[in-house]
Amino acid sequence: MQSLNPQTVPLKQSNLIEASAGTGKTYTLSLLYLRFVLESEPALSIDQILVVTYTTAATKELKDRIRMRLSEALMAFLDADNAEGEYAELCAHFDDHAKAIIRLNRALLSFDEASIFTIHSFCQRALKETAFDAALAFKTELLDNDYELMQSLMDDYWRKNFQKAPTALLSLLRNKEITPDTLLDDIRVAVGKPYLKRLQPDFTANIDEQAQLLEAHYLSAIKIWQQSSDEIESLLCDHKGLYANVLKLLDQMLAGMHLLATHSADKLPTELPPQVHKFTSEKLKVKKGYEPIRHDFFEQWDAFLASQQNLDQSLADYHNLLRNQVLDYLQENLSQEKRRKGVMSFDDLLLQLQTALQQNTTLAETLANKYQVAMIDEFQDTDPIQYDIFQRIYAKQPVSDAPQDTSAKAPSPVVFFVGDPKQAIYSFRGADIYTYLKASQDTQQQYTLNTNWRSHPDLINALNQLFSHSDHPFYDASIAYQAVKAGQKQEPSLKTPEPRAPLRFWKIEDTEEKKKSDLMEEISELVADDITRLLISADKGEAIIADRPIEGGDIAVLVRSHKQGQQIKSALTQRGIACVQSSKESIFETREAEDLHHLLLAIAQPSQENQVRRALVSDFFAYRGEDLLHFESDSIAWDAKLQAFHNWHQLWLKHGFIPMMRALMHDEQVQAQLLSYSDGERRLTNLLHLAELIHTESRQNSRGLEGTIRWLGQQAKQATLSSDSLQLRLESDAKLVQIVTVHKSKGLEYGLVYCPFLWADSVRSASSNAAIMFHADDKAHTPCLDIGSAQRDHHLKLLEEEAYAENMRLLYVALTRAKYHCTVVALTEKINRYIDRSALGWLLSNGVAAKSKNFLSAYQQHLEALVSGSKGIISAESLPDSEDGLHYQTKQKAPTLSAREFGGIIQQDYHISSFSGLTSGNHSQAHDHDSDALFNQASTYSNAENEFPRGANAGSCLHEIYEYSDFTQPLMRPKQEQNVILNALNKWGFDEALVDTAHDLINNSLQAPLPPLSNNFSLANLSNAQRLNEMEFYLPLALLQVNELKHILYQYLPQKNWQIVRDAVNKLNFEQISGYLKGYIDLIFEYQGQYFVADYKSNTLEDYERDSMLEAIAHSHYYLQYLIYSVALHRYLTQRIAGYDYKTHFGGVYYLFIRGMSVDNQGAGVFYDLPSFELIDALDGLFKAAINLKRDT
C-alpha cells in the first residue's frame, strides 16, 4: 500500500485507508472533509458529504472535530498572511480565498444539517428520505431491542408444536433443559443474518414414536408393579442366589419403585429415583446354579430403560432439529410481526435498506446523488450487510484521469473506507473481518497511514520490533504488520526513580505449584504495589510525565473481563489508590442486579419466607446466618421484618416502583450499607442505575409488579450490548487510575499502561452441542452457521482459529494504548501444568504451538533475543517482590476549577401528554386509532365487518376515509368517494381490492341508527356543516396526579352496571404530569341544538352488545378518553356559545364499534353515554388545579 498524504490524495473513486493505531485517523477524516468542502466542483452542500461511524460517541467526536477544522480553516483564510503550519499550506494551495471563505461560511452556518451519522442512523435517514422508493411504511417505531418480540414468537412456536406432544417427550425435554428460552438463546444471534450458510444434520428418527413407546413401556411396567409388587418383593427377598452388592441396594430399588407407583403411576416422572435404573434383569444376576430372576415386570421395565437410552441418543440430533426449526420460524415470522406492529429494530434498518436496494435499482442512484461523497469510519467493524449497502450505492467503474465533463447530470460518487484490520475485535457484535479484507481488494485505491502521533518514539520502535519479530504476528496470514514511523520528537517525556524501558515484560518464573486464580491474585497485588510506588514518587516530584507529576488518570490497567478488573480494583483500593472501573459488561450481569431481582421477588411475595430470607442476606441488608437464627427465636422481630416487606409490596402497588424503592432505601439505610464496602461507590452506582432502568421500563411499557420482575429476570439472559444505557456507569468522573477492558480501551490513550493478564487469555472452546458461527475454509471465507452438522468438529476448529486470531488483534489493541510506557506480564514457565496458550504466547514464541514440547524454550529464546536486540527499549524482568504495608496517602490539592461539559439529557416536568400518556406511561401525542390489540377478538360477525384487516394501521385507514367522506351520500359509489377510499388504502399499504369491503363497512356504519336519538337518525343525516372532524385540543394542566383523578372517577362514575369500569380505574397508573393534555376528537357533530362527541373504533369484539362494548371500554380505559374529550368540548362550547349550559347543549358521547354496526341490528356496536355534569365539572376543575373535593372518610 502507498502512504497517504491527506493534503494531496485525489478526491475520486473508491478508496481504502488503513489506519494503524495512533496514526491520526480522525485528523485525516476531518482534513478530507475540509477538502471536499473547498475543492468539490460543483460545490457540495454540507448534507451531501456523508460520514458514517459505528458509535454515538464516535459520531459526536467526529462532528466536533470537523466543525473545529472548518472553523479554524475559515479563520486562516480570513487572515491568510498570518496563517501557520498546515493552514498556511492550505491557503497557499487554494488561491481563491474569497470562494473558500464563502464555502466555509456556508458550511458552518448549515453544519447542523451535516450528514454525520452512526451506521444505523444513516440507514434510518436513508429509509425515511426514500420511503416511497423503498416501499416502506411512513410510520414505524424503532425498538432498542426485539428480544421480547422473539420471545413471544418463540412461545407461539412452542404452543403450536408441543401443546399436544407426548408426556414422555415433554419430560425428556425438561430434563435436558430444552425449553423455549434455551432454544431462543441458542439461535437468536443468527436471526437477521440471511447471509449465513446453514449447515445442519440429517435427522430421520421419529422422536414422537420413541417417546410414546417409552411412555407405554413405563405405564405397563408400573401397572404390573402395582398389581404384583408383593410378589416381586418376595421373589427377590427370598432368593438365595442374589449377590451381596445387589442386596445392599435392594431396599433403595424397592423404595424407588414404590415411590413411582404412588406418585407417578399415570405419567412419566421428571426424573427417576436413585437406583431404579439398576433394577433390571441384567443387574439382578444370580450366583451360578440358582434360578434367574424372571417376572413380566422386568420384561417391561427393561424395555422401558432401553427405550430411554435410545431416546437419549436421538435427543442430541432432535435438539439441533428444533434449533433449525425455531430459526426458520423466527426468520419467517419475525419480520411479519414487526410489520404488523409497525416496529423495527436497529438491525432491521440495515436489512430493510439492503432489501430496498436489491429490489429497486434506482434507489442506489438516488442515494448516491443525495450523498455524493462518503467516508465510512471504523470499517474493520463492518459486516456483509453493511458492505453490500455501500457497494450498491457507491460501486462505480474506475474513474479516468482524463478531464471530466462537469456538465454531466451528476458527478461520480466518491467513497473512502477507513479502518484497521489489526483492530477488528468486535466479532461478538457481528463484525466480520473477512468482509473488510474483501473490501480492501474491491476498492480502486488502497492507502496506509504510517506515522504514529500518539506514542513516544522509543515505545513505537519497541512495538515495531515486537510485532516484526514474529513471522505471523496476527495468526491470520492475510493481516500483516507494517512498521510505523514516530511523529513526536525524540525527547524524554517519562521520568521515574528507577529507569523503565518503554516496553517492559514482567516474567513469571516461580515454578511453585500454584492455581491460576492464586497467581492472578498475586499479580494484581504486584501491579497495585508498582502503581502505589509510582504515585508516591510523583508526590515527591520524582515521577514525571510530560513535565508534570504523574497522576492517577495517566495510568490504565487493561483487563479482559469485569472479574479481572475487580481483582485489580480491590488491590488498588486496599492501598488507598482511587480508581475507576469501566467495562462493556451489562448492568444486568452484576451482583447488584441478581440481588435486586431476589429482593423484588420477596417484595412481590412477602408471604414466601424463604424469598424474604434470601433477600435479607444480600449486600443491601447484609444480615448474617446468626441474624436469621435470631429471627427463628424472636417471632416478634421476624413478624416486624415480614410486615416491612408487606408494606413495600403495598407501596409499590399504590404508588409505583420508585416511591417503594426510596422508602426501602431509607428504611433499611441501604446507601450507608453499600458504601461501607471498599467498592461501595460502584455498588451504589449499580443499584441506582438499575432502579432508573426499571422505573423507565415500568412506565414506558406499563409493567405492573409481576411484569417488572419478569422483565428484570430476562435481562441477564440477554446481556445485550446494543444499548449504551445498559452498560456499567462510572462511579466518578475524577482523574483516577483507569481499569478498562481491552474492548473499551480501543480508540483511547493513556500515559502508562499495565497489561497484567494477557498470558491468561486463552481461547475458550465452544460448547460441544451449541450452534456455532464460523467462516468456511474456502477462498471466499463464506460465513456459516453450523447447527449439528457431521463436520461439526472441523468447524469448531475453524471457529477456535478465528477466535485465536481475534485474540491476536486484541493483544495489538492493548499494547498500542500507551503513550510512554507499557508493562506486560508474561508467563515464561509452566505453572502447575499451565502454560501460556494466549495470543501473547503465540507472539513471543513466534508461532510455536503451545502443545509443542519446544514451546517454553522457543518462548524464552525469542523473548531473550527480542530484549538483547532492542538497545534498551525492551526489558524482561522477574516479577518484583511484594512490599508489605505499602499505602498511598492522597495529596490534598487545591482543585483546578473548570466548567464541565454537560453530557446529560434535560428532563422537563412540563410537557405535552395525552390519553396514551395517562394509560401507558409515555408521552405519545399521536392519534389513538385502535392500538389496543387485546380486543381484536374472533367475532361471530362476517362479511365486510371481518374481511377488512385489523390493527392500528387499519384503524388509521378507516379514520381517514371517515374524515374525507360525505356522510350524506353513503349509498352511491361516485368517483370522488372511490378516490377517498383508494387514496386511504394506498397510503396505509392495503390492497386496492379492499375498496368494496371498505365501502360496505363504512356505509353500514353510516346508515345504522344511533340510539337513544330518533330511530331515523344516523351519521348519514349529518351534513358537512354539522361535522367537525379531528378537532385538535390542548388542555392546560397545572398538576395532575393519578390518585386525584381516581378519587374523582370513583366519586362520580355510575355504580349500577359499571363495576367493570370502576375496577379498571384502580389499574390506572402514571407519574404526576404538568403542561398540556393533547388529543384529537374523531368527530364532533351537532343535532337539534345539541353537540355530541363520536369516536370510531375498528376493534373486533366477540359480539357488539352493550356488555361486550363496556368490557372493551373498561379494558382500554376508553371511559377516560371520552371524559377527556368531553371536558375539551365542554370548554370549547363555553367559549363559543352565549349562555352555554352543559345540560342543555351537551348531547353525550358515542363510541362507534363500526364492525358491529348495521341497519338491521339496531344498537349493535353503538355505545352511548352522557357523563354527569358533576363529573365533567370536577374533572375540569382538576385539570385547572382549582378543585376542592370533600374526602371520603
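Using N, Cα and C of the backbone, Cβ positions are placed for all residues, glycine too.
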Listed co-binder of Mg(2+) (same site as ASP1082, ASP1095, source TrEMBL) among HIS887, HIS911, HIS959: HIS959
Which of SER20, THR23, THR26, all binding-site residues, has a Cβ with the fewest other Cβ atoms inside 10 Å: THR26
Residue with minimal Cβ packing [other Cβ atoms within 10 Å] among the binding-site residues LYS25, HIS959: LYS25
Whole-number Å value for how far ALA21 (ATP binding site) lies from ASP1082 (Mg(2+) binding site) (Cα to Cα): 60
Whole-number Å value for how far HIS959 (Mg(2+) binding site) lies from THR26 (ATP binding site) (Cα to Cα): 51
Residue among binding-site residues ALA19, ALA21 with least C-beta crowding, 10 angstrom cut-off: ALA21
Length of the line joining the Cα atoms of GLY22 (ATP binding site) and HIS959 (Mg(2+) binding site), in Å: 58
Env. residues of ATP site, Cβ within 8 Å of mean position of ALA19, SER20, ALA21, GLY22, THR23, GLY24, LYS25, THR26 Cβ: THR28, ASP420, LEU449, ASN452, TRP453, ARG454
Tertiary neighbours of ASP1095 (Mg(2+) binding site) (same chain, Cβ under 8 Å, six or more apart): ILE1081, ASP1082, LEU1083, TYR1118, GLN1121, TYR1122, TYR1125, VAL1149, TYR1150, TYR1151, LEU1152
Rounded Cα separation (Å) that holds between SER20 (ATP binding site) and HIS959 (Mg(2+) binding site): 58
Where SER20 (ATP binding site) sits in the secondary structure, as DSSP reduces it to three classes: coil
